[in-house]
Structure formats: structure tokens, C-alpha cells
Amino acid sequence: MATLGDIGVAAAFNLLSAFVFFIAFAVLRLQPFNDRVYFPKWYLKGLRTSPASSGAFVRKFVNLDFRSYLKFLNWMPEALKMPELELIDHAGLDSAVYLRIYLIGLKIFVPITIVAWAVLVPVNYTNKTLELQLKNVTSSNIDKLSISNIPLESDRFWTHIVMAYAFTFWTCFVLLKEYEMVASMRLHFLASEKRRPDQFTVLVRNVPPDPDESVSETVEHFFLVNHPDTYLTNQVVCNANKLAKLVKQRKKKQNWLDYYQLKYSRNNAQRPIMKTGFLGLCGQKVDAIEHHEAEIKKLSKEIAEERERVKKDPKAIMPAAFVSFKSRWGAAVCAQTQQSRDPTSWLTEWAPEPCDVYWPNLPIPYVSLAIRRLIMAVAFFFLTFFFIIPIASVQALASIEGLEKVAPFLKPIIDMKFIKSVIQGILPGLALKLFLIFLPTILMIMAKFEGFTSKSSLERRAATRYYLFNLVNVFLGSIVAGSALEQLNTFIKQSANEIPRTIGVAVPLRATFFITYIMVDGWAGIAGEILMLKPLIIYHLKNFFLVKTEKDREEAMDPGSLGFNTGEPQIQLYFLLGLVYAAVTPALLPFIVIFFGLAYVVFRHQIINVYNQEYESAAAFWPDVHGRIIIALLISQVALIGLLTSKKAAQSTPFLIALVVLTIWFYTFCKARYEPAFVRYPLQEAMMKDTLERAREPNLNLKPYLQNAYIHPVFKEEDEEDEFDFKSENESVLVPTKRQSRRSTPAPSRISGASSPSLPPEVVPEHPERAS
């Protein structure tokens, strides 16, 4: 087990590493040739120009102003200067609210840390239980600061119960204020937001088939009948996945062609040669430029043929459509109501904004979504629980005993004091971090298979799965594998009635592992985030080999967006650790506070200068954030109940059960009070925004704005006159129909010529052709 000295050495090592990363970042960001890596957002907004564009040759690459190096940490106060309202305007509400998660961590844990160290640490440390009574259980100096050091049936446990109430009430108070604030920010943001297509558009799925009409005609008919005053236009969903794949392949080939042409232009003496086999390592040698030109020509022909097929083949049209309305109020009514007596048809939901749509999933039949999600639920269950085995194995190896057993020749090196401290303080957390490196990619693939139609919903689903995985494997798995198995030899030699007591003592002893994990995953991870070593290398490689135009340079410096699917579950793990160990092992809390402080400053800098958010969901993820912090509270309370029971303090259990009930009540109150603002759009707000817009622009025509907003991106490359459209350009509000049935038909049919059956028989003339 790691001692206080080992933890101190590891903490000093990690802090020193983070400080070195910060200095490296401070120096690299000042160099002109790195400017587009560390400030890409300002370039994309057109508000920054390259400092390497003028001046002496050396100054184009190296900053020779030595005074700027003296202020190498000035990026920290600069990151904190921008007011929140300006930050929302600059980066969007999603980014601003994401930062508030780190701010909540500071609001919750700074007061808790001060109180816990002032009250609980003295109460825990002034006992000698671990020294006198439990010599047969592996422990460390840091465990003497925990609840494990208090003897059985001690009255001191009431201090922990009171602190548990205080910590819970404070956390709930902060969560209540933040939920209220974020809900208000969301409504204000939606009210003041500029016009966007998704404000007027609804995604309609499970459109019933009609043998006599196309999907577009069916959709137009239905909405003209049921939403006659607000319906405007629709764009049906097509299956263009094959076409998109061909376009992607052509773009890839074009990039290689540009590379070889640039290479040839630099050296005309010899034309570039390539091999056509696997990864260019084998196969026939050919002229690289001619080969890629032929491949691009072939792909262009296939793309043209596939585009025509998608336009003309009825099977390429899916029973779904983006339906746009004349007002936000009309869209809100449609999106939030049931459209048909059959609850499985004409299903409506708010359309994502066009840049948020995940086009490959739109063609997935709606009926298969339930099956896909069941399959992924089963797959995730097995992934989560079978992952415990390799994690436990890696954790066993990532210890002094494990290393000495596998590699006994390293024993002289391992026994060195500094090396031993580094291994015990860093290696377990580092091993776990490396083992989980591919998990986010796996979970995102699973979310895509489930059929979610927006990037934001994909990230939220992947984040939920990542959180559950961390909860089961990183938290519970590490406790079981690291504590219970560590004491297995002791359990075998004990009587059965002693095992629960030993487990109750051993669980909080795992705090030392989580302290190392926070330092490796949290502190070092944040330092790596600000350094951006991988984007830096990739940008310079692309800039040297591929960049020919300014557009190429913009693509090369593309910073990507804030990874909600990976960042938010990581934050939630630290909330869980902080709340669980607040009343058990307060020594862990300062490490949590340092993480939240560093992360807040670093990510504020990154959001202002680097990340360019792909979409804007107006903080739709906040109910998930709130709910997971509540789950962390409940887990901390249940863990404390079990721990006190093992300490023979069962008389205190009713008081903690009452705390669990109060926490659940608080969650239900917040869910009923604030969550509707995140799942429904108030009709009052929609009407107010529509009224203001009509007053400012009385002659506004939304149809040109909305008609092509949700065309598949692969068709937007076509000319305006050839633009892809599946439906008639008839501007009349009375839509002709080919269907034989006249139900819900407000206009004469092309075939029957008859009007709606709701009219009296005497005013419905019989068409002569019907007699035949």
C-alpha cells in the first residue's frame, strides 16, 4: 500500500510534470508558426491573422520578443477575463454550461474540503484502531486519516453522520441554484437566438405507406389537412449512404492526388511512383498522379450514377421527412403532440439543426430501432461486466508485488525509494488509464448502431454508457479487485462472521488508488489537454505535405469540438469519488479540488481559443449532469450505511436512510420543476418570438430559407438549378392526390376530381371517369 510519503512523492511528480507541460505550452503558443494550432477559433471567425506573414525570416518562425516569455502564465488570467454572456455569444450555450460543471465542482468541494479537514480529519486521526486492532489488514499511513481508524461502536460516528447531512444539503443547495440558473439561461438563449432552420422544423418518422402517392405527397397531404394554417414545406429523407461513401472516397483520393502533384512540382526530375497493393507496401508500381486521376474519374462516374439512382428509385426514399412550418409555434405544436390515433405512425420530434444531423442513421427503419437498442444493451452489459477481469489483472500487475512476481530481476531497481514511490503512486492509475484508451471509440460505435439521428444525442448516449462503465469498472471494480481481493488471504484465515467487518474496513482503504488515479488521469490529463501535442504534430505534417490553399490550411487546423462523450463522464467520476470519500477519507478531497480548479481554467482557455463546437443543443444535456451528481450522492450515502453497519453502528442507519429518502425527493422535485424546460419548448415563448419576428419583418418569406435546409450534404454540391428535390414545386395550398380513398383530402383528386367527403353530397359532382 502507498504511504503518505509515496503519495506526496507522486503528487510532487505529477505537479512537476503538469508544470513542465504548462511551461512548454506557454513557450509553444508564443511561436508564430504554432499560432493556428493554439488559436484556431479566431482564425475560423476571421478575427486573427498569422503573425508569420511579415517581418524578418526568423521572426516568421520564432518569437524573439523575450519580454513575452516573462509572462508565460498570463494565459490563465486571460482565460478568466471573458464574461459569461460574451462567452455564450462567442462559443455558444453548450460550451458555457459545460464549463459550469467544473465550476459546480469547485462550489461543492471547496467548502466540503475545508469543513472535512477541520472536523473529520482530527476525529479520524486521533485514534489508533488500525495500529492496535487490525494488524492483519493491509493499510497505510493515509488510511489513519479515514473512518477506518475509528473503533467499533464509537460515538464519533455521529460526527460522520452529521457531516454526511451537511455535505448532502450543501450539494443539493448548489445543484438547485445551478439547475435554476441553467434553465433560465436556456430559455433566455432560445428567446434571443437568431433564426435557425431547426426552430421551424420537425422530424417525422414512420410515415404510413400509400400505394398511390409518394412519401413527399403523403406527408404534404397529411400536414395540409391536420396543420392547414402552419404547414409550409417538407424534405423527405433519402438513403444516400452509398453515395456519401463514394464522395468520401473521392475526397480521399483527391487529397492524395494533391499531395503527389505538390511533390512533383517540387521535384520535376522524377514523377512519383506508388504501389497499388495493401497500404502501398506491395503490388504493381504505377505512376501515382495518373493512377489517382484515373481513380477519381472512375469514382466521379459512379457518383453521378448513384446520384441519379437515389433521385429516381422509390426504394431510396425512406418513410421519414423533415417538415417545416410557417412559425415556431406551429412547429412546437407538431413536435410536442400525437399526430395520429395510431401512436406508432406519424411520430414527430424536434429536428436537430442541420449541422447536428447524423445523416447515416436517418435511413434506418424506425421499427428496427428497438431491436438495435436491445442488442446494444445486451452487448454493453457483457462489455461492462467482463471488462472487470482484465482490469483486475492489470491492477494486480501494476503493483510492487505484481511486478516483482512477473519480473523478479527488476527487484533491486523497484526497491529504490524514489522508484518505489513512483510505481506505487502512479503506475496503478496509469495502467487503468491506458487500458481504457479505446473505450470511448467503442461506445460511440455502439451509439451509432442504435440509430440516433443527431450528433448531440449520439454523444449523450455514449456519455451515459461511459459513465455507467466508469461506475461499475473504475469505481466498484477497483474497490472489489483492489480491496477485497487484496485481503483475500486474510479472509480465508478468518471466521465467517469477521468477513463483513474486514470488508467494511478495507473499502475506504482503496482511497490511495483513487488519489493516484486522479493525479494521472486528472492532473496529467489536463496538462496534456492544454499542450495539444497530437494536434500540433498533425497540423505541421499536413501543413508541410498537403496544404496548397487557404481552405486546405483551415481543414488542417480544424480543432474539432469539445468531447462531451468523454469529458463529462470523466468529470462525473470525480464528483462520485469526492462525494463518496468526503465523509470516509477526506484526504482525497484536496486532489479533487485541484483537478476542478485546473480543469476550469484550462477548458475555459480551450473553449475561447481552440474548440469550434459542431452543434448547439442549448444545454440539453444538463438534466443528465444533474441526475448523475444525485446518483453520486446516493451511492455515497449507501456506502456510508454499509460501512457504519460493519462498524457495529447500526443504530445510526435510520438517520442515513432518511437522508437517502430526502435526496430522492429532492431529485423528483427538481425533475418536475426544471426538466420540462429541457425537453419541451413553451408555446408562449414560441408565440412571443414569432410575433416579434413578424413585427420586424412583416414581408418575411420563410420558404426559400427552409425548403433546402435539410437536403443531404452530398446533394448540396449540385447547382441551384439542378438542386435535389423529391417533391412537386406546386405552390398551391390545395395538394392534388393520387390516392383512391378520399379521406382527409381537402382538394379535388387528380384521379377522382372529387373534393373532401366532408362536403354535402349535392355539392360534390361525380367525375365522368369514375363511372368507368
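Placement of Cβ uses the backbone N, Cα and C atoms for every residue, glycine included.
The feature transmembrane segment is assigned by TrEMBL to 6-28 (among others).
Positions annotated as domain 'CSC1/OSCA1-like N-terminal transmembrane' by TrEMBL: 7-178.
The list of residues near the transmembrane segment (101-120) in space but at least 6 beyond its ends in sequence, with Cβ under 8 angstroms from a Cβ of it, reads 147, 159-160, 163, 166-167, 170-171, 174-175, 178, 568, 571, 574-575, 578, 582-583, 586, 589-590, 592-593, 595-597, 599-600, 603, 625, 629. As annotated by TrEMBL, transmembrane segment applies to 101-120 (among others).
Only residues 6 or more beyond the boundaries of the transmembrane segment (157-176), in the same chain, are considered here, and those with a CB under 8 A from a CB of the stretch are 104, 107-108, 111-112, 115-116, 119-120, 123, 147, 150, 579, 582-584, 626, 629-630, 633, 636-637, 640, 644, 647, 649, 652, 655-656, 659, 662-663, 666, 670. The transmembrane segment annotation in TrEMBL covers 157-176 (among others).
Under the heading domain 'CSC1/OSCA1-like cytosolic', TrEMBL lists 199-361.
According to TrEMBL, the feature domain 'CSC1/OSCA1-like 7TM region' maps to 372-644.
If you look up TrEMBL, you'll see 374-398 (among others) marked as transmembrane segment.
The transmembrane segment annotation in TrEMBL covers 418-445 (among others).
According to TrEMBL, the feature transmembrane segment maps to 466-485 (among others).
The transmembrane segment annotation in TrEMBL covers 514-533 (among others).
Per TrEMBL, the feature transmembrane segment maps to 573-603 (among others). Residues of the same chain lying 6 or more positions beyond the ends of the transmembrane segment (573-603) and with a Cβ under 8 Å from any Cβ of it are 11, 18, 76, 79-80, 98-99, 102-103, 105-106, 108-110, 112-113, 116-117, 120-121, 124, 142-143, 145-147, 160, 163-164, 167, 171, 467, 470-471, 474-475, 508, 511, 514-515, 518-519, 522-523, 526-527, 529-530, 562, 567, 628-629, 631-633, 635-636, 639-640, 643.
For 625-645 (among others), the entry in TrEMBL reads transmembrane segment. Long-range contacts of the transmembrane segment (625-645) within its own chain (CB-CB distance under 8 A, at least 6 residues past either end) are made by residues 101, 104, 147, 157, 160-161, 164, 168, 171-172, 175, 178-179, 467, 471, 500, 504, 507-508, 568, 572, 575-576, 579-580, 582-584, 652-653, 656-657, 659-660, 663-664, 666-667, 670.
Among the features that TrEMBL reports, transmembrane segment is placed at 652-669 (among others).
Summarising the annotation, TrEMBL assigns region 'Disordered' to 722-772.
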**Averaged pLDDT, computed only over the residues in the domain 'CSC1/OSCA1-like cytosolic' (199-361)** = 89
